[in-house]
Each structure stands twice: as structure tokens, then as C-alpha cells.
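**Student:** Below: one structure in C-alpha cells.
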Amino acid sequence: MDPLGPAKPQWLWRRCLAGLLFQLLVAVCFFSYLRVSRDDATGSPRPGLMAVEPVTGAPNGSRCQDSMATPAHPTLLILLWTWPFNTPVALPRCSEMVPGAADCNITADSSVYPQADAVIVHHWDIMYNPSANLPPPTRPQGQRWIWFSMESPSNCRHLEALDGYFNLTMSYRSDSDIFTPYGWLEPWSGQPAHPPLNLSAKTELVAWAVSNWKPDSARVRYYQSLQAHLKVDVYGRSHKPLPKGTMMETLSRYKFYLAFENSLHPDYITEKLWRNALEAWAVPVVLGPSRSNYERFLPPDAFIHVDDFQSPKDLARYLQELDKDHARYLSYFHWRETLRPRSFSWALAFCKACWKLQQESRYQTVRSIAAWFT
């Protein structure tokens with residue numbers, strides 16, 4: 001008898017057990033990997049970041065097209081280097097604000113700078129001392145910096161100090177990498193489009209709300225010539241008081257609103273038109289870029305441009321004629337039968353940046369913001 005015979009079954013049993021244990025270990029590793037992958041795909045916030053609260057509402061001006069299914073994107077970490085004007089704002093779920101966008105982790109916690117995929121720098125908050133206020137010059141590989149401003153070039157200092165630092169631009173300019181206008185028009189989703197305008201509530205003629213009063217500015221000089229022929233109610237510092245929270249109620253009593261910009265630059269069409277005039281259902285009388293520039297964003301019969309008149313006196317006469325001719329006045333509201341105005345929000349701007357970063361991974365450098373932003 002072979003002396004090794006009795007031990008053979010035990011050896012086979014141990015070999016089978018080892019094989020089963022090995023297969024079990026492989027299975028555990030495989031399912032653990034699947035679970036981690038699923039967690040990453042859901043966009044769970046990284047630890048230590050500010051909670052992102054949902055912002056509800058209708059789609060808002062994104063030029064993206066809606067789709068039945070949102071494509072998978074990596075969950076990007078975006079750092080706000082400062083709050084805009086040092087004022088915190090509610091942070092959104094970008095998947096609810098921009099069609100086709102996945103959520104990003106957006107935070108103002110500067111400690112995440114080494115891990116951030118992108119950094120948004122609001123120019124106003126760093127412009128007085130860029131060398132001291134910019135993020136550290138040694139950045140993580142692949143991190144993109146976004147230059148952000150809603151102010152005109154006339155109010156942006158030290159742009160030349162930013163040469164070569166930034167990868168993307170974000171502003172009201174339509175040729176920005178990330179276009180964030182002060183307002184836009186979008187189609188109504190249903191009918192009727194709006195209630196009829198109550199002309200009986202329009203008891204006053206022309207209003208202007210202004211906080212930055214500079215006597216030598218183009219807009220103040222034009223106003224001074226206009227008010228020699230037409231009564232204009234001016235609200236703001238050193239003028240009629242306008243208590244907080246009463247602006248829309250006050251301006252809605254007027255038929256016309258002077259949407260005069262503080263400086264003249266391409267695409268610089270601000271809340272003076274989109275909010276102060278259009279949300280108050282007042283016809284905007286605009287002083288800013290050319291009529292053709294306004295018509296890129298508005299129907300030609302949605303506003304009155306000062307350039308259409310040889311003098312402020314001629315404009316005053318035209319406004320007085322419209323005041324007496326209800327049919328002609330109401331023709332400035334026909335566009336509202338199919339369109340409605342929407343306004344800028346900081347949350348939407350951040351989400352447009354989120355969407356852009358997801359869509360375009362190409363790394364570029366803006367050589368000179370000063371040469372472009374004029």
C-alpha cells in the first residue's frame with residue numbers, strides 16, 4: 001500500500017478550499033469597485049464643501065438645448081476665489097438651472113484650492129491690488145482660472161496686470177468664453193402670454209433711477225437737455241427717495257423709463273433695461289451702445305433709442321405724442337405676446353461656467369484681457 005494514499009483526499013480538500021476563498025476575494029473586490037464607481041457618478045459632494053442648495057424655477061436663458069437624458073460628466077470642483085462684491089449668494093444645483101449640465105461642486109472655501117478643477121475670480125474684488133489678491137501663481141496641473149466681470153471696461157482697473165494668468169473669460173460680452181448677459185428674452189411656454197397692460201395704472205410719464213450721479217457724464221448731460229422739454233422724475237441719491245423694496249411698485253406707474261448706461265461699450269446693456277424698465281412694464285428709452293447692438297438681443301419695437309432723434313427736444317416731443325396715442329404706445333408691447341424677459345443671477349453665471357468646463361476640456365491661455373475687454 002502506498003504510504004501517501006490516506007493523505008491524498010485531505011490535500012485535495014485544502015486545494016478546493018483555497019480556490020473558493022480566492023474566488024470570494026475577487027468577487028468582494030469587484031463589487032466594491034462597482035459601488036465606488038456608482039457613488040462617483042452620482043456627483044456626491046466632496047467632504048468639507050459648502051452644501052449646495054437647489055434653486056428652483058424655469059429654464060433660464062442657457063443656449064444649450066434640452067435633452068431627454070443628461071450625459072455623464074465628471075463632478076467638477078469649482079472654487080469661487082471671492083464672493084461677488086464680498087456678498088455670499090445661494091449656490092445652485094446646476095442640473096436644475098442649465099439643461100444638459102451635470103452638477104458641479106461649487107464652494108467659496110479657499111482651502112480646496114489645491115484640489116479645485118477651476119477657480120472663478122471676480123475682477124472687482126481683486127482689481128485694486130491684483131498681485132496680492134490673485135490666487136497663488138503655482139497652480140495644480142490642469143486647473144483653469146476664469147476671469148469674471150459684469151462691469152464695463154470703464155470700471156475695471158489694472159486689467160494689464162492679468163496678462164497670461166487666465167484660461168477663460170466670463171462676462172456680459174457675447175464674445176466671452178462664457179456669456180452671462182444681464183438679461184435675455186425667451187419664448188413663453190403657454191398661452192395666454194400675459195395679462196393685458198393696465199393703462200389706467202400708468203399715471204406718470206418718465207422716470208429715471210440713478211445712484212452714480214456724475215454731472216459731466218454723457219447720460220447726465222442728455223438728461224439735463226431732455227428735462228428742459230419734458231418732466232422726468234429722478235430717483236436716487238440727492239433726488240427723490242426710493243425706499244428699498246419699492247422700486248418695481250414705483251416704476252410700474254410710469255410709461256417710460258430712461259435706461260441710460262453709465263458707460264458706452266459693446267453689449268453693455270444692463271439691469272437698467274432688463275429689470276428697471278422691462279420688469280416694471282415701462283418702455284425703455286435707451287442710451288448705450290448702438291441700436292443695432294440692442295437689436296441683437298431685443299425686437300426693434302421693444303425700446304426707443306436716443307440715437308433715433310436729432311435732439312433731446314425731438315425725443316421729448318415723441319414721448320408726449322405716444323402719451324396721447326394709446327394704440328402707438330401699446331405697439332411697444334406686442335413682442336410680449338410671444339416673449340418674456342429674464343434677468344441675470346449669480347447662481348446662473350456659476351452654472352454656465354460649470355457647463356462650459358464640462359463641455360470643453362481644452363486648455364488655453366488668455367494672453368491679454370486688457371487688449372480684448374475694451
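Each residue, glycine too, has its Cβ placed from N, Cα and C.
Given the structure is predicted, the values throughout are model-derived calculations rather than measurements.
So Swiss-Prot lists the following for this protein:
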CARBOHYD  Asn60  N-linked glycosylation site
CARBOHYD  Asn105  N-linked glycosylation site
CARBOHYD  Asn167  N-linked glycosylation site
CARBOHYD  Asn198  N-linked glycosylation site
TOPO_DOM  1-15  topological domain 'Cytoplasmic'
TOPO_DOM  35-374  topological domain 'Lumenal'
TRANSMEM  16-34  transmembrane segment
**Student:** How many Å lie between the Cα of Asn167 (N-linked glycosylation site) and the Cα of Asn105 (N-linked glycosylation site)?
**Tutor:** 20
**Student:** Counting Cβ neighbours within 10 Å across all chains shown, tell me which of the glycosylation sites Asn105, Asn198 comes out on top.
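**Tutor:** Answer by Cβ density within 10 Å: Asn105.
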**Student:** In three-state terms from DSSP, label Asn105 (N-linked glycosylation site) for me.
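**Tutor:** Assignment for Asn105 (N-linked glycosylation site) reads strand.
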**Student:** Helix, strand or coil: which one is Asn198 (N-linked glycosylation site) in, per DSSP?
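**Tutor:** Where Asn198 (N-linked glycosylation site) sits, the three-state DSSP reduction gives coil.
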**Student:** Within the topological domain 'Lumenal' (35-374), what mean pLDDT does the predicted structure show?
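**Tutor:** Within the topological domain 'Lumenal' (35-374), the model's average pLDDT equals 88.
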**Student:** I'd like the Cβ neighbour count for Asn167 (N-linked glycosylation site), meaning other Cβ atoms within 10 Å of its Cβ, all protein chains included.
**Tutor:** 19
